[in-house]
Amino acid sequence: MKTLGEFIVEKQHDFPHATGELTALISAIKLGAKIIHRDINKAGLVDILGASGVENIQGEQQMKLDLYANEKLKAALKARGIVAGIASEEEDEIVIFEGVENGKYVVLMDPLDGSSNIDVNVSVGTIFSIYRRITPAGTPVTEEDFLQPGSQQVAAGYVVYGSSTMLVYTTGYGVHAFTYDPSLGVFCLSAERMTFPENGYTYSINEGNYIRFPQGVKKYLKFCQEEDKATRRPYTSRYIGSLVADFHRNLLKGGIYLYPSTASHPQGKLRLLYECNPMAFLAEQAGGKASDGKNRILDLVPETLHQRSPFFVGNDHMVNDTERFLREYPDN
């Protein structure tokens, strides 16, 4: 049984010039995840459920657990003295860590994706993305360090809190998964070099918004629902409402996750920096694809911290089909 710490150190030996800082950074995220896991498991017993009464910069109601998870991860990252600053879905602006001006890395995160599911005991997750800063070490980080295309990510991953808690991450050399053993307090290697199955037969989308979808997405959904034995259609519809949980299932079983633009959200709803980029990095490393309907997600150059994007991610042939339908049936 190999632990996450042992696995990271083992991989570090493959790179003679590695300093161990990235290893320590991922260890900090691991610690934050263990704390969040502990408190999610007793969420119904303590007062951390429901809305906080505070709105974020996008005007969305923040849940108590969103803020709690944000503070725990922020504290874990700051304590290591490696991260120069963070950007979070729950923070209006970047957070600069004083006294860590020499830190090489910045972290972007969605501390608790799908937190509205907590009240009904459905899987939620943490998403993280790591970049090397581009401003000179020894100075405070700026927004420039965070507004990098996803192709510049050093590492990315997620933690899914479900029937078991699992940490899945990549540093650009495959996707690896570790399952948390609460009796030992360690994450143990459960899957190495994960890939999407060759073919996917599941689509994940909130079809309640169907009337607001672009014409190309509507046509693709009808394609998914048509009967065709040669392509094993109709496909199965599975939607949890937590990006991490939906992505994780499709990674294991094969499928596509779709969150298109709508009339009410013409730029899409998911955040490019905190959700789309890290999941796109993982998808490509697992042999899949991620797109905004026209462009590769990892090629997009962000302009603002909380920029949104349409998002299509999963098996490459399914994402390719979605792009084709969007090209063939453009909205007027």
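Each Cβ is built from the backbone N, Cα and C atoms, and glycine gets one as well.
The Mg(2+) 1 binding site annotation in Swiss-Prot covers E89, D110, L112. What Swiss-Prot lists as Mg(2+) 2 binding site is D110, D113, E275. Annotated substrate binding site per Swiss-Prot: D113, G114, S115, S116, N206, Y239, Y257, L258, Y259, K269, in sequence order.
Sequence features, as recorded in Swiss-Prot, placed on the structure.
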residue: E89; record: Mg(2+) 1 binding site; DSSP (3 states): coil
residue: D110; record: Mg(2+) 1 binding site; DSSP (3 states): strand
residue: S115; record: substrate binding site; DSSP (3 states): helix
residue: N206; record: substrate binding site; DSSP (3 states): coil
residue: Y257; record: substrate binding site; DSSP (3 states): strand
residue: E275; record: Mg(2+) 2 binding site; DSSP (3 states): helix
Close in space, distant in sequence - Y257 (substrate binding site), Cβ under 8 Å, 6 or more apart: S204, I205, L243, D246, F247, N250, F311, F312, V313, G314
Cα-nearest neighbour of D110 (Mg(2+) 1 binding site) within the listed binding-site residues, N206, Y259, E275: E275
From binding-site residues N206, Y259, E275, the one whose Cα lies nearest L112 (Mg(2+) 1 binding site): E275
Max pairwise CA distance, angstrom, over record-listed substrate binders D113, G114, S115, S116, N206, Y239, Y257, L258, Y259, K269: 19
Candidate with sparsest Cβ neighbourhood (10 Å radius) among E89, D110, D113, E275, the listed binding-site residues: E89
Minimum Cα separation from Y259 (substrate binding site), reported as the residue among binding-site residues E89, D113, E275 that achieves it: E275
Neighbouring C-beta atoms (10 Å sphere around the C-beta of N206 (substrate binding site)): 14
Euclidean distance between Cα atoms of E89 (Mg(2+) 1 binding site) and N206 (substrate binding site), Å: 21
